[in-house]
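Take a look at the structure below.
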Amino acid sequence: MTNRILPFITLVFLSTLFSIVIGDDGVAISEQYPLVVSTWPFKEAVRAAWRAVDGNHSAVDAVVEGCSACEELRCDGTVGPGGSPDENGETTIDALIMNGVTMEVGAVAAMRFVKDGIRAAKLVMQHTKHTLLVGEKASAFAIAMGLPGPDNLSSADSIRKWSTWKENHCQPNFWKDVVPSDSCGPYHAKARIDVKEGGCSTRYLMGVAEPRSSLVGPHNHDTISMAVIDKRGHVAVGTSTNGATYKIPGRVGDGPIAGSSAYAVTDSGACVATGDGDIMMRFLPCYQVVESMRLGMEPRLAAKDAISRIARKFPDFLGAVVAINKNGVHAGACHGWTFEYSVRSPATDDVEVFTVLP
Ligand SMILES: *[C@@H]1O[C@H](CO)[C@@H](O)[C@H](O)[C@H]1NC(C)=O
Ligand SMILES: *[C@@H]1O[C@H](CO)[C@@H](O)[C@H](O)[C@H]1NC(C)=O
């Protein structure tokens with residue numbers, strides 16, 4: 001090796017080691033892949049995905065390994081079995097997987113009696129020409145395709161939580177403009193009084209809606225949403241969640257909706273999101289992030305733009321997105337809460353947790 005080449009190689013080596021740079025708002029950026037990014041400090045899930053992708057598995061398989069680890073560990077008590085009871089005390093599962101190369105998507109929503117959300121979503125993607133299966137029919141499909149079940153998805157913890165909520169007259173809840181407003185159902189639409197004023201009809205609704213902030217928070221509304229870029233530069237995303245605690249049975253949020261909780265297009269990048277899914281799914285924030293990056297926007301701006309579009313209409317919403325471009329540059333943005341996300345790349349020895357301030 002000549003003296004002229006050695007310093008060059010050293011430089012390349014050092015730039016690999018120190019590829020984490022601090023962005024101007026303190027968000028670190030690592031320009032490398034393979035890469036695993038996940039909402040929240042779900043470190044074990046990120047490690048599981050990393051083992052797969054570092055061992056040369058595809059981005060899709062790494063997403064399955066990562067989200068599956070979260071389901072087994074019941075991350076934050078809101079992913080996998082035994083979390084977030086609905087109004088009837090039942091736990092159900094929503095999950096999604098998306099292949100950013102082929103644009104194939106598989107998802108299950110309000111799935112009962114089956115613990116393996118992400119594996120069920122992958123079976124939908126691999127073995128059907130559909131995108132989304134729901135409810136008990138999704139459970140029947142998953143079990144017929146070999147997943148364990150039917151299982152009781154309740155835990156002592158979820159039943160305890162639900163009993164306490166029932167004793168508290170089913171407060172808070174997700175109903176609005178109904179009677180009764182201060183106790184358990186059955187609920188009925190509240191009478192509307194139309195008052196004519198100068199030829200215009202003004203509608204008065206009686207009563208005050210329950211603020212959403214009492215229902216949506218980091219410990220009753222969490223989703224693992226994960227993005228992986230594999231060694232070939234292929235991108236995939238996946239999500240798994242129990243949905244909102246005390247939801248009205250049948251409610252499906254952003255979790256299994258491609259473009260809302262997650263999105264991946266290998267030539268542009270990926271996005272993962274979490275928060276108040278009922279509101280976020282009206283804006284498809286992850287579709288917006290990936291599309292903005294396709295048009296040339298930096299990840300940091302793309303993330304901020306997607307969040308601010310929602311905040312303009314819903315100033316009280318809680319939510320966060322992480323934008324990841326095809327080179328592995330990532331940045332988060334959030335609203336209403338402090339958000340954390342986890343990253344594993346060749347630049348570090350273990351999972352790093354980034355904090356994003358609203
Ligand atoms: C990983 O995959 C690449 C491309 O398919 C191949 O060249 C390489 O040898 C593989 N590495 C390992 C450790 O299997
Ligand atoms: C499911 O498990 C919960 C918690 O262990 C228990 O309270 C409930 O009775 C079980 N339901 C059925 C149908 O076995």
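Glycine is treated like the rest: Cβ placed from N, Cα and C.
A quick note: this is a predicted structure, and the numbers were derived from the prediction, not measured.
Listed in TrEMBL for this protein:
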ACT_SITE  THR223  active site, nucleophile
BINDING   ARG251, VAL252, GLY253, ASP254, THR274, GLY275, ASP276, GLY277  substrate binding site
SIGNAL    1-23  signal peptide
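Here the Cα atom of ARG251 (substrate binding site) is found 15 Å from that of THR223 (active site, nucleophile). For the substrate site, whose annotated binding residues are ARG251, VAL252, GLY253, ASP254, THR274, GLY275, ASP276, GLY277, the maximal Cα to Cα separation is 16 Å. Around GLY253 (substrate binding site), a 10 Å sphere centred on its CB holds 24 further CB atoms from the protein chains shown.
With respect to their backbone Cα atoms, GLY275 (substrate binding site) and THR223 (active site, nucleophile) stand 8 Å from each other. Calculated from their C-alpha atoms, the gap between GLY277 (substrate binding site) and THR223 (active site, nucleophile) amounts to 10 Å. When the C-alpha distances from THR223 (active site, nucleophile) to the binding-site residues VAL252, GLY253, ASP254, THR274, ASP276 are tabulated, the minimum falls on THR274. Residues near VAL252 (substrate binding site) in space but far in sequence (CB under 8 A, at least 6 apart, same chain), listed by position: ASP94, ALA109, ALA110, VAL134, GLY243.
Of all Cβ atoms in the shown protein chains, 27 besides its own fall within 10 Å of the Cβ of GLY277 (substrate binding site). Around ASP254 (substrate binding site), the C-beta neighbours below 8 angstroms that are at least 6 residues distant in the chain are THR223, SER260, SER261, ALA273, GLY277, ASP278, MET280, MET281.
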